[in-house]
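To start, the structure itself, in structure tokens.
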């Protein structure tokens, strides 16, 4: 027969996994666990449970069916009464009942039940379990719960000997859960009750307040309470001072502690670590020496801190010396030590040094770990050896290591920079297959890589996938996609994406506007650019100097110098100052129009505004001089650039070389070419195109042929323009055979040859009546399947038809008829 209590609650029974009582169900006004007016039925229910659990086998009773059916029908007051009474008679059963309810039944205990169990563990001295129960309660109660918990603990348990410990650990637990204000409240109440918080609680508070001024107040309170700070307390205080950039105070404190008592290795390590992190490795070394003078033996952590600091500073020889010193003093370098050294060499780009460290590591019995491989992969990627990084990835997989997100992000970034985006995408699929989810960094790298190679639609797909994983895209991803659309000239798609970002309030600065305005300006869509500029002004977004420079460049490119000048004059109204780009853009437009007077006016304004010209500014002025044939002034300005420490680039030299070629001074042109080499400026294909064109125009065909042979021997790649120029020149001169030979070389180089290239050669050969060669070139054209036009067919037809001694070949005629360019009635 079921107990009468089960009969009483059977109709109200609920599933055992549901908690019937919230933690705030009861508020207690007195230390008594049960209300004074508790009914007899409630007491008898408590009595029966207590009686059952006070026997020899409480665990068996709890697992019995009647207990599982009875307990969910009990109230929080009844459960608390059971725990209290069992705590007096059989404390172990009380705790077992508490845990069984929480873990098996899913009961959410009230505050009193938890405090009762806390006192049980406090009496037993089991601090670990006491912290566990307090942490569960603090997390459930949340921020701001300290006042009510303190009142309950004091009102119900003030006479209990373990109350002080429970108070102290509650303050400690609040601190560990980063509820600092609640922790401070508990400590303040403890003072009211004449309880003293432990040094461990104060240490925890100091740690969480180390970035604030309150840390110093806590330390002063420790001393005012006549408590002895531990070595850990001092190290926390030093760490906090360093976190607040109060390094002088940290150093002074360390010196005072050295005179007061024996400072610990921990405090020295803390100070040295902070100093190394801000680049003061030399100062950290002095404290290392101080440790030795004080008779404190540095541990491996001390050495690792200093070796890391020296490695970041690039002093690898000194770092290696400290490693040797470790071994001489009986401190064995560990895996961390070798990883620090390897990273130092990688940062310097010295992979040989890093590999020597790894070899030394394995000889000492330390095995490379995941960090080791990640460092080496980073090192190889940094110097552009991506294939070696991929080889290492394969090696580490064979060793049983799984590449983490950091390692993948390094590899993906390097592959994208090397324009190997498809391989990067394969790595993404590999990550997913390994159940490693890509994060915002990895998605952003790939989105930018796809956009850089012009695959914007695929980047958008990846963007949508990122959003489906509830990863919020950042401005890096947004700008990459927007820039990708603009770079491809897809301004309609760019504007749609831009508007969607704007509607979702994801544009809060000028960067996205600048990207869009730049896209419009480069396509000459200045009305759209201006409209967007007006929109950002209406929204209260401040334009940057970049915004103005983009618009000025756009107007100059469109030939609207009036608007460009007007815009330039409005820059200061927005609280900005024109920079060198602003001035140079206008100067370039003036230079292209041969308005050198306006160029010199801009130079005067730049000097008055203390804006220093760049090598681009000088190049613009040189271009203006060359357009006017003022080579002497151009060369003088080139010398001035070197005198003023402005290094010319390829464009600067190409501009003057082209001016010399136009003036027929090929000797000076080649002298400038040699000057480039002397200054370690490598001439590019454009440079040689200019020289080749200059030689041909000025009649130096033999020298042009020799230049071509020299460049081919040196494996210097030329553009198709260089060959086209030389072919045309030989045709004009009448050297038909040389023209045809060069044209064959031209085709063998694999250039993208068009109908225009064939027309240029065939036209010139026809004028020279070189019909045999025309036939050869014409057949090559047809063989390559290039689409023909009426003009070229007519040129060929007329060339053959006008020569009485040369009949039009039948197969050529057949082809003309086949392609519809010749009618039979013309025969």
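Each residue, glycine too, has its Cβ placed from N, Cα and C.
Note that the structure is predicted; figures quoted are calculated from it, not measured.
Feature annotation from TrEMBL assigns repeat 'PPR' to 264-298 (among others). Residue counts for the repeat 'PPR' (264-298) under DSSP, split into helix (H, G, I), strand (E, B) and coil, are 26 helix, 0 strand, 9 coil.
Note on the repeat 'PPR' (299-333): DSSP counts are 26 helix, 0 strand, 9 coil. The repeat 'PPR' feature in TrEMBL is assigned to 299-333 (among others).
The average pLDDT the prediction assigns to the repeat 'PPR' (334-368) is 91. Residues or ranges marked as repeat 'PPR' by TrEMBL: 334-368 (among others).
Residues 335, 338-339, 342-343, 345-346, 349, 351, 354-355, 358, 361, 410-411, 413-415, 418, 420, 434, 436 of the same chain, all 6+ positions outside the repeat 'PPR' (369-403), place their C-beta atoms under 8 angstroms from a C-beta of that stretch. Taken from TrEMBL, the feature repeat 'PPR' applies to 369-403 (among others).
Among the features that TrEMBL reports, repeat 'PPR' is placed at 404-438 (among others).
As annotated by TrEMBL, repeat 'PPR' applies to 439-473 (among others). Beyond the repeat 'PPR' (439-473), the same-chain residues lying 6 or more positions past its ends with a Cβ under 8 Å from any Cβ of the stretch are 405, 408-409, 412-413, 415-416, 419, 421, 424-425, 428, 431, 480-481, 483-485, 487-488, 490, 493.
In the repeat 'PPR' (509-543), the DSSP tally of helix, strand and coil residues is 25 helix, 0 strand, 10 coil. Residues annotated as repeat 'PPR' in TrEMBL: 509-543 (among others).
Within the same chain, residues 510, 513-514, 517-518, 520-522, 524, 526, 529-530, 533, 536, 585-586, 588-590, 593, 609, 611 sit at least 6 positions outside the repeat 'PPR' (544-578) and bring their C-beta atoms closer than 8 Å to a C-beta of that stretch. Per TrEMBL, repeat 'PPR' is recorded for 544-578 (among others).
Under 8 Å from some Cβ of the repeat 'PPR' (579-613) lie the Cβ atoms of residues 545, 548-549, 552-553, 556, 561, 564-565, 568, 571, 620-621, 623-625, 627-628, 646, all in the same chain and six or more residues away from its ends. Positions annotated as repeat 'PPR' by TrEMBL: 579-613 (among others).
Taken from TrEMBL, the feature repeat 'PPR' covers 614-648 (among others). Residues 580, 583-584, 587-588, 590-592, 594, 596, 599, 603, 606, 655-656, 658-660, 662-663, 665, 668, 679, 681 of the same chain sit 6 or more residues outside the repeat 'PPR' (614-648) yet have a Cβ under 8 Å from a Cβ within it.
Residues in the repeat 'PPR' (649-683) partition by DSSP class (helix H, G, I; strand E, B; coil) as 26 helix, 0 strand, 9 coil. Marked as repeat 'PPR' by TrEMBL: 649-683 (among others).
Per TrEMBL, repeat 'PPR' is recorded for 719-753 (among others).
Residues of the same chain lying 6 or more positions beyond the ends of the repeat 'PPR' (264-298) and with a Cβ under 8 Å from any Cβ of it are 231-232, 234-235, 238-239, 242-243, 247, 250-251, 254, 257-258, 305-306, 308-310, 312-313, 315, 329, 331. Taken through DSSP, the repeat 'PPR' (614-648) splits into 26 helix, 0 strand, 9 coil. For the repeat 'PPR' (509-543), same-chain residues at least 6 beyond its ends with a Cβ under 8 Å from one of its own Cβ atoms are 475, 478-479, 482-483, 485-487, 489, 491, 494-495, 498, 501, 550-551, 553-555, 557-558, 560, 563, 574-576. Note: the repeat 'PPR' (579-613) comprises 26 helix, 0 strand, 9 coil (DSSP; helix = H, G, I, strand = E, B).
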